[in-house]
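Record features (Swiss-Prot):
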type: DOMAIN; residues: 2-401; note: domain 'Ketosynthase family 3 (KS3)'
type: ACT_SITE; residues: Cys162; note: active site, for beta-ketoacyl synthase activity
type: ACT_SITE; residues: His294; note: active site, for beta-ketoacyl synthase activity
type: TRANSMEM; residues: 329-348; note: transmembrane segment
type: ACT_SITE; residues: His331; note: active site, for beta-ketoacyl synthase activity
Amino acid sequence: MDRRVVITGIGGLCGLGTDAPSIWKEMREGRSAIGPIVTSELHGLTGTIGAEIKTLPEHDIDRKQLVTMDRFSLLAVLAAREAMRQAGLSCDERNAYRFGAIVGVGGSGWEAIEASYRALLLNGARRAGVMDVPKAMPSAAAGQVSMSLGLRGPVFGVTSACASANHAIASAVDQIRCGRADVMLAGGSDAPFVFCVVKAWEAMRVIAPDTCRPFSSDRRGLVLGEGAGMAVLESYEHATARGATIIAEIAGIGLSADAFNLVSPAVEGPEAAMRACLADAGLNVQDVDYINAHGTGTKANDRMETEAIKRVFGGHANSMSISSTKSMHAHCLGAASALEMIACVMAIQEGVVPPTANYREPDPDCDLDVTPNVARERKVRVALSNAFAMAGMNAVLAFRQV
């Protein structure tokens, strides 16, 4: 069995907005959410920038469930609920075992872990929180989504650094293609704004001091963000049978590994993932109109990704639109490619390519059309989403107009 898989609902929240429409509106307008972080979880750490969710949307999640959630799980549940509302779906005894969820996370449970560290080592507490372990496990977000919505089909977590959401979506597509499920919720979530995580990223010397400028010659690194993005995936037959509005089709998946270095990228792995994605979708290079680049804003990554795109697409590389929306929502780690999924499907829906914000100076090593600073109207029939994680774990998705 090899069923077509379509998207019928999307949900998200990040520094740009607390639902998918507001996120897309800010992307279209090229607005960046990057600024000073003010959360109390940084315990007085100053001079740190990021793309922070200032206020969570109103919700009716039961307090008993809330106290069992770390922030990354809460964000995933909020995004999943929005996606379900847009899809016009609910889960009940008739379909629960054919309806699952897969959520990718880059890191998990940071709030619970740091709170216990401070309580035990700094403040002399005798015991950790009773819910610290279930709060912190990487699969907690998927489990909380399942419990919140009553999903009893395939439910599990995925963690592969900043390719986590694309890997989660790819895994969900496979569940539907092989007939194990009819409907899946899939995406990613991350909430890295706690003291120890921010300091660890700063120690790597990849954090920009001002903002994220992907593909610009004066780029100085990435910027951290928090957020979640989720999509309702259905078999084409299931969606059409219930009269659902189809947003886009997930036409292809390409996965690969560099087998090279924990932190340095290699061009061959991303090249292989893009080629595999096109082959899986039955697409030619000329069919692709837009690539949402991994585009972290580091010198090495942006240079490598440009070269990989040129290798795969040849002369057509100069005809496509490319952009990195991390310039606006920052690098949301496990949630990054889920938010970029929203950018891809909305580009298809509205015929608008979101820009690479904060772009200032052309780089001869990154000389493709990166849609600098201003969104561009163009017909987008096929969009690719690139996610190239540390340790060389690569996941590329192809979205197609239906």
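Even glycines carry a Cβ here, placed using N, Cα and C.
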Cα-Cα distance linking His331 (active site, for beta-ketoacyl synthase activity) and Cys162 (active site, for beta-ketoacyl synthase activity), given in Å to the nearest integer: 8
Assigned conformation of Cys162 (active site, for beta-ketoacyl synthase activity) - DSSP reduced to three states: strand
Residue pair His294 (active site, for beta-ketoacyl synthase activity), His331 (active site, for beta-ketoacyl synthase activity) - Cα distance, angstrom, rounded: 9
Neighbouring C-beta atoms (10 Å sphere around the C-beta of His294 (active site, for beta-ketoacyl synthase activity)): 30
Packing count at His331 (active site, for beta-ketoacyl synthase activity) (other Cβ atoms within 10 Å of its Cβ): 28
Protein Cβ atoms within 10 Å of Cys162 (active site, for beta-ketoacyl synthase activity), excluding its own: 27
